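Colleague: Before we start, here is the structure in question, set down as structure tokens.
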Amino acid sequence: MVVGTSVGVEQVDEATHITNHPGVLVIHPDERRELYTTQSPSFLGLSPSSGLVHASKGGKGAVIAVLDTGVYPKDRRSFAADSSLPPPPPTFHGSCNSTPSFDATAYCNNKLVGAKYFYAGHEANMGHPIDERRESKSPLDTDGHGTHCASTAAGSAVPGANFVNYANGTAQGMAIHAHIATYKVCWKLDNGRGSCTDTDILAAMDEAIKDGVDVISLSLGGPDGQLYNESTSIGAFSAMRAGIVVSASAGNDGPRFHTANNLAPWMVTVGASSIDRRFPAIVVLGNGQSFVGASLFSGENTASSFKPLVYGGNANSSICEPGRLNPDIVAGKIVLCDADYGPRQGAAVQKAGGVGAILKTRSDYGDFLQSFPDLFPASKVTVANGSAIHSYITSTSKPEARIEFHGTVIRQSPSAPRVAAFSSRGPNRFAPEILKPDIIAPGVDILAAWTEDFPPSLRSIDSRKVKFNIISGTSMACPHVSGIAAMLKVAHPSWSPSAIKSAMMTTAYNVDNGGNPIKNSADGEKAGPFELGSGHVDPNRALDPGLVYNATTDDYITFLCSLRYTPKQIAVFTGDVTTTDYCSRRPTQNVGDLNYPAFSVKLPRNGGQLVTITQRRFVTNVGHNTNAVYNVSIVPPPDTTVTVTPQRLAFDAQRKTLDYTITVSSRGTAPNSPEYTGGSISWTDDKQHIVRSPIAVIWH
């Protein structure tokens with residue numbers, strides 16, 4: 001159980017005084033956290049007649065808690081319950097809160113089985129009550145983010161779903177027959193941005209645990225400090241003890257390293273990947289060159305025929321800032337803008353009299369493209385293509401261009417999946433020995449349900465009301481994994497949260513649909529463990545992983561001891577203030593000794609002397625063959641030697657869990673070599689189980 005409250009503390013001395021009270025485990029600022037479908041089920045290989053969906057009956061009986069901006073169930077078939085969907089199991093004790101703007105009797109059913117809201121922390125943080133003229137103080141979603149995430153995790157099937165005719169098809173969640181319980185914890189600040197306070201997150205997680213949910217989905221995050229100061233880590237620990245899987249988004253601060261959030265080892269931290277669907281917007285230049293961009297524009301294409309082309313920098317603003325472009329230069333022209341930041345640039349070009357926009361993506365995003373629901377004819381292009389278009393402008397006396405919009409294209413180049421450029425990367429900032437992110441899942445251009453109370457482009461000038469929207473983020477990747485985890489829990493009710501996490505990690509794949517290593521979309525290079533974790537989630541293989549790496553509450557407490565946390569800091573997680581010998585009664589371990597399904601080690605770049613790191617792991621046979629025999633194969637990271645002892649694991653009815661040790665050795669690496677490298681070990685049997693664990697190396 002998580003226990004907390006929100007109080008106003010004005011002075012440092014007052015905070016210190018409260019902290020010293022014996023009944024107070026920890027006090028820290030009530031931090032704000034940020035909010036970070038049709039094709040993805042097919043891309044993931046999900047089918048009702050086979051694999052994980054068939055084995056779990058689509059997650060039948062599982063309850064997924066979504067902590068977010070609430071839910072918009074009005075006239076949304078994604079949250080409708082057909083006659084085949086039974087009531088939630090008797091172990092679920094949640095309910096729907098009715099308010100004047102949220103009629104629980106009308107909105108809740110056997111699909112949407114819970115709807116609650118938590119706002120004490122937000123109001124304390126704001127210093128005034130929620131303005132109900134701007135936002136409903138109820139479970140109702142007036143933002144769209146929570147509705148999108150909830151329907152991605154477990155939305156009902158909706159034929160003919162699309163966003164203004166893009167991505168048309170049947171929209172459905174991962175666990176199509178699971179139940180949804182929403183807990184609204186994110187509200188609008190005075191500036192209109194979304195915010196979720198630690199107090200409200202903890203209160204909602206505590207409520208979800210008491211309600212008896214099976215999975216908690218957290219598409220939110222913020223700056224990570226030590227775990228005992230992290231609301232999501234604290235709440236997730238309590239959830240783990242209750243047998244609840246917690247899936248959380250890694251964050252959208254890539255492609256920089258050391259940016260991943262939600263770093264606790266008892267959480268599944270999810271990065272974002274692309275899928276095999278695009279929305280091409282082709283830029284054709286006057287010299288015949290053409291460049292494939294991306295857009296979700298709908299409406300009259302004023303840039304369909306050749307128009308004069310100008311660079312925004314020649315009209316007072318290279319990034320096409322609102323109010324900065326010179327109308328005398330822009331009027332009647334297509335404008336090339338640097339450093340794309342969404343529909344605002346197109347609106348700025350339109351206001352200055354332009355007829356179209358070409359938006360060059362951020363310099364660090366490379367070849368990565370994501371689509372925006374543009375109100376104005378615009379095409380987002382890669383860095384290289386944007387530079388080529390700029391060169392054409394500067395080398396031509398009368399440059400011109402036109403833009404063609406080609407709707408929805410599936411299963412064409414580029415290869416998929418790729419790691420999204422925005423997806424936050426490791427290494428883990430507080431415990432580099434614990435690999436983060438854990439896994440990647442679809443998070444680029446995902447179609448899911450939306451609210452009518454907020455425009456799809458997130459712009460106030462957008463008057464459109466849509467039932468579905470296409471957006472991107474690790475927030476979209478997280479509910480994919482949440483739904484998959486719910487189905488695994490139904491298929492294997494005796495598995496612990498760590499076993500479910502292990503099954504997803506060790507069966508993840510590392511090759512794209514062209515049979516090549518998954519690439520980082522920011523630079524086109526092979527993605528490493530700190531970018532894709534263990535790899536891309538594979539739901540059907542996770543159903544039968546062969547072996548799992550189990551970790552208990554006691555194992556995680558030992559891990560906290562390895563971080564040199566004090567008894568009082570550990571009590572923040574356990575809730576037990578009477579125990580003072582958490583660590584003295586446990587064997588001393590290093591941080592990397594946690595029974596984790598991946599390895600991350602730090603080695604000196606130019607040591608000269610041999611440096612060796614040894615870790616021990618335990619694997620449990622969960623396959624159908626009681627007497628399975630597994631042999632190890634090793635792909636060592638560059639400039640290392642990796643040994644595993646023993647190299648053969650023979651299980652039987654009495655020996656269901658066996659251990660091995662792995663040793664990573666090195667004398668250093670060249671001064672100009674990469675800072676991060678990767679390898680792997682794989683345990684295989686004769687039944688085609690491949691239990692793969694990545695090895696990540698940090699050269700320092």
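Cβ coordinates are placed from backbone N, Cα and C, and glycine is handled just like the others.
Per TrEMBL, the features are:
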type	residues	note
ACT_SITE	Asp68	active site, charge relay system
ACT_SITE	His145	active site, charge relay system
ACT_SITE	Ser475	active site, charge relay system
DOMAIN	59-515	domain 'Peptidase S8/S53'
DOMAIN	593-697	domain 'Subtilisin-like protease fibronectin type-III'
Colleague: Which residue among the active-site residues Asp68, His145, Ser475 has the fewest other Cβ atoms within 10 Å of its Cβ, if you could check?
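Modeller: Result for the active-site residues Asp68, His145, Ser475: minimum number of other Cβ atoms within 10 Å at His145.
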Colleague: State the Cα to Cα distance, in Å, between Asp68 (active site, charge relay system) and His145 (active site, charge relay system), rounded to an integer.
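Modeller: Asp68 (active site, charge relay system) to His145 (active site, charge relay system), Cα-Cα distance: 7 Å.
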Colleague: In three-state terms from DSSP, label Asp68 (active site, charge relay system) for me.
Modeller: strand
Colleague: From the Cα of Ser475 (active site, charge relay system) across to the Cα of His145 (active site, charge relay system), what is the distance in angstrom?
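Modeller: A Cα-Cα distance of 8 Å.
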Colleague: Please compute the mean pLDDT of the model over the domain 'Peptidase S8/S53' (59-515).
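Modeller: Value for the domain 'Peptidase S8/S53' (59-515), mean pLDDT as a whole number: 95.
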Colleague: What counts of helix, strand and coil residues does DSSP assign across the domain 'Subtilisin-like protease fibronectin type-III' (593-697)?
Modeller: 1 helix, 58 strand, 46 coil
